[in-house]
Amino acid sequence: MITLRKVPLALAIAAGILSAQAGAVDFKGYARSGIGWTGSGGEQQCFQATGAQSKYRLGNECETYAEIKLGQEVWKEGDKSFYFDTNVAYSVAQQNDWEATDPAFREANVQGKNLIDWLPGSTIWAGKRFYQRHDVHMIDFYYWDISGPGAGLENIDVGFGKLSLAATRSSEAGGSSSFASNSIYDYTTRTANDVFDVRLAQMEINPGGTLELGADYGRANERDGYYLVDGASKDGWMFTAEHTQSMLKGFNKFVLQYATDSMTSQGKGLSQGSSIGTSDNINYAMNNNGHLWRVLDHGAISLGDSWDLMYVGMYQDINLDSNNGTKWWTVGVRPMFKWTPIMSTLLEVGYDNVKSQETGDTNNQYKITLAQQWQAGDSIWSRPAIRVFATYAKWDEKWGYAPSGNNTKAGYNPGVAYSDTSLNSFSRGDNDEWSFGAQMEIWW
């Protein structure tokens, strides 16, 4: 009987311990989902200019997307600690109740803080991680993002700023090969593209203003005995300077970036260009040799008790040796009028203009969204939010990229820019459309 009495007591103690541990788990994340319709019929369509790397997102997102983050400080002694962080992401087309999808395992890393006595405040980390990402929320555009599996040492106090060092990887399919048979190369093996990142941040250079400088070097790291296709982009650099100014209860960020060769593709710090394309059974290099210039200004500010404003203006010039580059400029605003601390009206107006280096033709689009929103707070950043919206888009396009896969057109290299002709159309043409719906968005 004494033993039986001890069993409930032991279970109670164990439950208490598990509850305490469970309570220490950090549950964070992001999600968006909704329903929408298109004016001409059918489910909601989303609108993005051909050649533009992003779109204005308010009332213009057609998927359910979620990131579920679980993390916990697993050890702490004084100011030294270890933190384990994970992130699993899901994306579906939001067309049915049951939509099966394979999750993307985006983060799994450990961060050790203050482990080096002579570098107080610094953090050692290793694993898959979203690493110090820089983005424009309004257009969901990441202009400095080397996320992936990696390792690094960050936030080293150098007196006038914080120094961070990191190395990450982004593999590219179909980039390298050894001899397959009869001295013929079969380019199907992925290539490991490495990025080495150095950045100096939090340099106070004026009242309320800080400067961040960064350099990224990317290279294709082919296996021993394997070779890259002739003309592949083997390496490249990206340099970034960003000034952040605190102003009007918000911020303004001014960014200058320059990239070369393998770092020009996405222009955000990931190395690409070692893969190949195939046209008429002939392999050719999908290289990114050339350079990129980007000038960007964006921010979010408060214009009194009743008005908030997001804005962006950007010019980007990707000049490639293959002539497959673009000149893209975009400008947009999103004012918010607050009727009450939890109800607001938003208007988003955005314009994109993309000129093809190969064809000399231009695609353009403007998009307008009006939304009525209920949110948890009186800031333009307040979430969760539930909104109903109506979106109108008008575009005029004259060029596009040749399709790949089953839609490949004979005589046209997939991924290469071509002008529309009377026989073949590569763009969306000249048209307009409108959509409407409801959406929730949350981060926590």
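From the backbone N, Cα and C atoms, a Cβ is placed for every residue, glycine too.
As recorded in Swiss-Prot, the features of this protein are as follows:
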- 1-24: signal peptide (SIGNAL)
- Tyr30: site 'Greasy slide, important in sugar transport' (SITE)
- Tyr65: site 'Greasy slide, important in sugar transport' (SITE)
- Trp98: site 'Greasy slide, important in sugar transport' (SITE)
- Tyr142: site 'Important in sugar transport' (SITE)
- Phe251: site 'Greasy slide, important in sugar transport' (SITE)
- Trp381: site 'Greasy slide, important in sugar transport' (SITE)
- Trp443: site 'Greasy slide, important in sugar transport' (SITE)
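Cβ neighbours within 10 Å of Tyr30 (site 'Greasy slide, important in sugar transport'), excluding its own Cβ and spanning all shown chains: 16. Phe251 (site 'Greasy slide, important in sugar transport') is 27 Å away from Tyr65 (site 'Greasy slide, important in sugar transport') when you measure Cα to Cα. In this structure the alpha carbons, written CA, of Tyr142 (site 'Important in sugar transport') and Trp381 (site 'Greasy slide, important in sugar transport') are 18 Å apart. Counting only the Cα atoms, the space from Tyr30 (site 'Greasy slide, important in sugar transport') to Trp443 (site 'Greasy slide, important in sugar transport') is about 4 angstrom.
Taking a C-beta cut-off of under 8 angstroms and a sequence separation of 6 or more, Phe251 (site 'Greasy slide, important in sugar transport') has the following same-chain neighbours: Thr244, Gln245, Gly299, Ala300, Ile301. Fewest Cβ neighbours within 10 Å among the recorded sites Tyr65, Trp98, Tyr142, Trp381: this applies to Trp98. Within the same chain, the residues at least 6 positions away from Trp443 (site 'Greasy slide, important in sugar transport') whose Cβ sits under 8 Å from its Cβ are Gly29, Tyr30, Ala31, Arg383, listed in sequence order.
Cα of Trp98 (site 'Greasy slide, important in sugar transport') to Cα of Trp381 (site 'Greasy slide, important in sugar transport'): a span of 31 Å.
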